[in-house]
């Protein structure tokens with residue numbers, strides 16, 4: 001087997017194998033576990049960089065495993081998948097560091113890190129899926145791998161949250177499965193192809209294809225937290241902070257959003273979806289979700305829940321981008337896949353830090369945290385500003401392209417949605433920032449765990465948010481430089497519309 | 001010197017049973033040795049079939065119709081491999097599971113059961129099948145009662161009697177076929193059998209007998225108590241292999257013998273019963289209070305899927321699609337074998353540690369036995385039908401075929417069963433996450449935990465991803 | 001108990017099944033012809049014995065018979081696994097005791113005859129084994145708590161003897177190149193008698209032990225009825 | 001031919017009688033008798049169709065099958081009775097219904 | 001000759017069926033078993049008539065004889081136990 005045919009599989013395995021090994025480790029073997037984790041993460045990073053280079057050069061990588069006649073498991077790399085893979089790999093590395101610091105001295109870490117690695121493997125598998133079948137396979141594995149993470153703490157709350165999470169995702173998985181099989185029964189094996197495969201589908205099955213689109217959307221919408229399928233997301237907040245970070249920025253919601261992008265562009269084809277009114281329907285759903293999520297975020301006092309609803313809202317930008325016909329909006333949606341990830345993971349890291357160091361869980365308790373934890377708060381501020389869409393943080397770039405694309409497509413109502421949403425974002429983030437920096441520090445924090453070193457909190461917890469915040473800033477500042485998410489997204493859009 | 005692997009696959013466990021009966025003090029060592037030997041024989045035999053096609057051996061040199069022989073083709077070998085691997089794992093597990101006295105009883109009966117299974121998968125003669133069925137039924141019931149509780153004895157007595165009723169009914173069908181066609185060899189009969197009252201009645205009799213043994217809804221009533229109360233390794237074998245053997249026979253007889261007789265309405269009735277099994281079994285599993293009872297009801301449900309395949313098979317015209325469907329059914333049966341055996345073995349460990357198997361109170365035990373909990377989880381993945389298990393692949397093919405044929409009803413049943421299965425599996429797994437403080441060591445007792453884990457792992461990962469050889473195998477005399 | 005509707009329904013269903021069965025059977029019997037009779041009878045001389053049933057049982061379909069002996073063994077092992085036997089019977093009356101004194105030797109004698117006769121006349125291993133078992137049962141009825149069976153070690157050995165000899169002969173013949181349970185020409189008769197003898201002992205012992213029930217116990221006096 | 005019909009038919013009747021009794025009579029001993037009558041019915045049918053008139057020798061194959069069947073039936077009966085005896089022995093003893 | 005034989009066959013068959021029915025219908029275990037043994041012996045006779053002497057022997061010795069003896073012992077135990085626990089409610093030997 002030559003290397004090109006093995007690389008996609010190797011990228012998946014580079015986290016799956018360490019993950020499987022970690023289960024067998026004794027609880028006390030910190031060092032070995034850390035070594036395994038970090039080796040996996042670094043190897044994956046190296047492999048992904050290799051792949052980016054290759055894809056940019058027009059190389060194609062494909063691992064194909066025939067399960068049964070006509071049923072192939074295909075991992076392949078195109079521009080879109082590489083973007084998502086790169087995001088997952090990078091953020092996995094950072095999150096692993098964070099998690100090692102966060103979970104110090106808590107029980108069942110072998111189990112935790114095992115599933116953590118599986119979760120990333122599944123995400124990368126989703127990113128690299130070359131067929132709808134493969135996508136479904138990894139989509140379900142992701143459900144399986146995240147359930148233990150959500151339930152990890154073992155409290156009754158965690159059990160409840162995990163149960164709700166499972167009920168939603170299993171239901172969604174079932175829908176996706178039915179949709180995928182239905183599609184395959186109709187048109188044969190569904191391989192993701194730039195420009196879609198249904199362009200010349202016979203007229204008489206078009207109606208069915210539209211129904212299937214909504215079945216698939218129902219399945220993907222659960223993970224992407226489209227209203228009204230978002231109910232699990234706030235409940236899943238019971239998970240440990242690194243898990244929330246991963247779930248919101250990289251793994252679960254992103255998998256759903258990525259799936260929607262895939263289905264629209266590479267299965268149905270944007271042309272087909274546009275001419276059959278699918279894009280419009282998707283746009284409506286995404287817009288409702290954006291507004292609803294922001295409104296809900298406004299009412300939350302719990303910091304993590306506010307962030308969770310913010311995710312509901314922000315992830316739908318990706319769907320929104322996909323729903324506007326035209327390459328510029330596509331760029332906006334696709335690039336937001338990365339930008340939202342960077343910003344949201346920063347915010348969750350910070351929320352974890354506040355909770356860990358000061359016992360601060362609620363927005364109302366955040367008075368003056370900026371003075372007490374300046375590093376964390378700086379990162380938080382950057383993330384929040386980015387979410388609102390203030391230049392030069394990455395979020396601005398996404399919104400700019402989305403708006404431009406909407407204007408170009410003549411969808412003025414989308415512009416209204418964007419403006420409204422940005423105002424709402426500001427309404428729920430700015431008060432936090434105000435509290436953080438401009439309110440006096442209280443005499444007593446809810447539950448303070450002073451850190452012995454000279455930093456405000458352990459380095460493993462402080463550096464990850466700073467790094468991701470810096471990346472979010474850089475992605476906005478240097479948006480036009482080569483190899484930025486924006487440039488890559490343009491490449492994707494070019495290829496999708498090019499053919 | 002001539003090695004007849006077909007004969008040895010039956011003779012080795014038989015000789016092993018003889019040896020362990022005669023020297024009960026060495027039962028474990030000798031029993032394990034026979035287990036390994038038998039498994040090796042079966043694997044070598046299967047490899048041969050996989051490479052060179054089906055083999056047949058006629059004992060006594062008389063040949064059909066006068067004599068009896070054994071035959072291994074793709075279908076029988078697929079079941080043979082699954083059964084022998086599962087049985088080997090169960091043997092290793094049982095080596096540590098049973099007390100010294102129980103061991104003396106377990107090993108000879110277990111090896112007899114094994115020879116019955118091997119004999120059944122390889123048989124070509126209708127009456128010979130009756131004898132293997134009886135050998136299977138008697139040894140299975142005796143093994144099931146080994147746990148010694150009153151509930152186990154009563155349940156397995158009922159199992160024994162129902163099994164007898166089934167075999168007698170089956171035998172009546174055989175007698176009818178013999179009286180019309182004057183032979184017992186399946187292959188020869190297939191050449192002369194023609195649709196008509198005689199063949200139809202014989203089929204109805206034989207199939208009803210086998211349905212009883214396969215616990216097809218609504219004839220499943222005997223299964224849950226018998227399987228739930230047996231000792232864990234025996235439950236594993238009963239649920240994974242013994243009922244599966246009856247299903248295998250239905251499939252075999254249908255494919256090889258009754259194909260011209262079986263029409264769509266018969267197949268639909270089978271599918272309907274299967275659907276009933278899926279819904280009812282899953283529902284009862286969801287409501288079960290005990291872990292092993294849950295597993296037993298899950299077996300009822302999983303057997304249902306296998307029968308749902310019949311209407312799909314009948315509706316699908318011969319060709320690639322039908323071959324795929326057939327392979328999917330076999331894959332489903334194999335995956336369930338591995339998964340359910342792994343599940344029961346792990347459940348046995350949990351039960352032993354906790355002293356009971358009431359699901360709602362299992363938290364501590366689950367935490368203390370990560371390997372067993374994992375095995376349950378992995379087996380659960382296969383039972384639900386999540387990827388990358390073999391069940392997923394099989395269900396995918398079944399659903400696709402059902403959609404292509406426009407048989408939406410079966411899609412609904414399969415999906416409903418899948419969701420119910422997810423509910424009952426995660427009901428168990430939910431208890432694994434709790435705040436019981438226990439030092440984490442993944443494997444505590446390798447000899448019992450590793451077999452369970454391996455079986456579950458095979459069901460969840462290996463069979464789905466490396467299913468291709470099964471198609472190659474089934475090409476030997478079954479497909480096409 | 002069965003509900004009232006079932007009491008009515010079951011017989012009706014069964015009668016319907018019976019009608020179909022009788023009909024099918026009459027069709028089958030009419031068209032059945034000679035079935036395997038001619039083929040089998042024709043080849044009896046090649047089988048090494050002249051009693052056709054014995055030829056079928058121990059040569060044509062010897063593999064069936066092997067499994068059948070295994071079924072018998074399974075039943076015995078199952079009985080043993082269920083724990084100790086029921087309480088012993090009351091001692092026999094003198095008349096019965098007197099009868100036993102001559103019935104048992106007679107039964108054992110006829111066992112030998114039956115076994116030998118099986119080759120050419122009605123009889124054979126199963127009938128002989130049954131008589132042997134009957135001897136054990138008679139002893140048990142007479143108050144012998146061990147039914148004349150030997151101690152555990154020998155009892156275990158005797159009970160598996162049939163399967164052991166049967167399988168071993170099969171495997172050895174296979175190893176010698178004849179094929180499993182394929183008797184070489186000229187040896188068939190003696191091999192069949194050898195197998196039958198072993199099977200008879202096993203069957204007799206198994207039936208008697210099954211009648212007694214319960215696990216074999218070591219403290220049993222090793223008086224042999226064989 | 002009429003002999004075959006007569007006896008074969010009575011075999012089927014016996015089979016049905018046994019089945020009926022097996023279903024409706026719960027006591028173990030009655031179920032066992034029922035099973036044995038069912039078996040006898042099947043065997044009887046086989047013996048009837050092996051019969052080829054007073055002069056011709058009977059078909060030995062069904063005979064062999066029946067012989068095997070008889071032995072299997074007695075094995076099953078013995079095992080089932082041992083089960084029943086075990087249940088009787090346990091009867092009334094406490095705390096074993098787990 | 002042939003009519004006589006047919007009459008004989010009919011007689012045998014009717015007796016056989018009557019015995020079987022009686023064995024099945026009898027509530028009292030011991031009586032049922034004894035009727036069953038009688039049925040088995042008659043069956044052996046019929047089989048001897050059907051030119052199956054081996055089977056006749058086997059049925060008489062094993063089917064009727066040993067099975068009968070086994071069941072008789074069980075029936076005796078059941079009857080004794082019933083007498084012993086007459087006051088105790090129970091479902092002796094019952095499976096349903």
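Glycine too: its Cβ is placed from the backbone N, Cα and C atoms.
Note: TrEMBL annotation is automatic and uncurated.
Model, not experiment: these values are computed from the prediction.
Annotation comment: TrEMBL describes C:12-30 (among others) as transmembrane segment.
Here TrEMBL flags C:65-83 (among others) as transmembrane segment.
Sequence-distant contacts of the transmembrane segment (C:95-118) (same chain, six or more residues past either end, CB-CB distance under 8 Å): 49, 51, 54, 124-125, 127-129, 131-132, 134-135, 138-139, 141-143, 148, 193, 196-197, 200, 204, 225-226. Taken from TrEMBL, the feature transmembrane segment covers C:95-118 (among others).
TrEMBL lists C:99-208 with the feature domain 'Na+/H+ antiporter MnhB subunit-related protein'.
Taken from TrEMBL, the feature transmembrane segment applies to C:124-143 (among others).
With a cut-off of 8 Å between Cβ atoms, the residues of this chain six or more beyond the transmembrane segment (C:155-181) that come close are 62-63, 65-66, 69-70, 72-73, 76, 149, 191, 194-195, 198-203, 205-206, 209, 216, 226. Residues or ranges marked as transmembrane segment in TrEMBL: C:155-181 (among others).
If you look up TrEMBL, you'll see C:187-213 (among others) marked as transmembrane segment. Sequence-distant contacts of the transmembrane segment (C:187-213) (same chain, six or more residues past either end, CB-CB distance under 8 Å): 47-49, 54, 58-59, 62, 65, 69, 72-73, 75-76, 79-80, 82, 85-86, 111, 115, 118-119, 124-126, 128-137, 139-140, 145-149, 155, 158-166, 169, 225-226.
In terms of DSSP helix, strand and coil, the domain 'Na+/H+ antiporter MnhB subunit-related protein' (C:99-208) has 81 helix, 0 strand, 29 coil. Looking only at the domain 'Na+/H+ antiporter MnhB subunit-related protein' (C:99-208), the predicted model's pLDDT averages out at 90.
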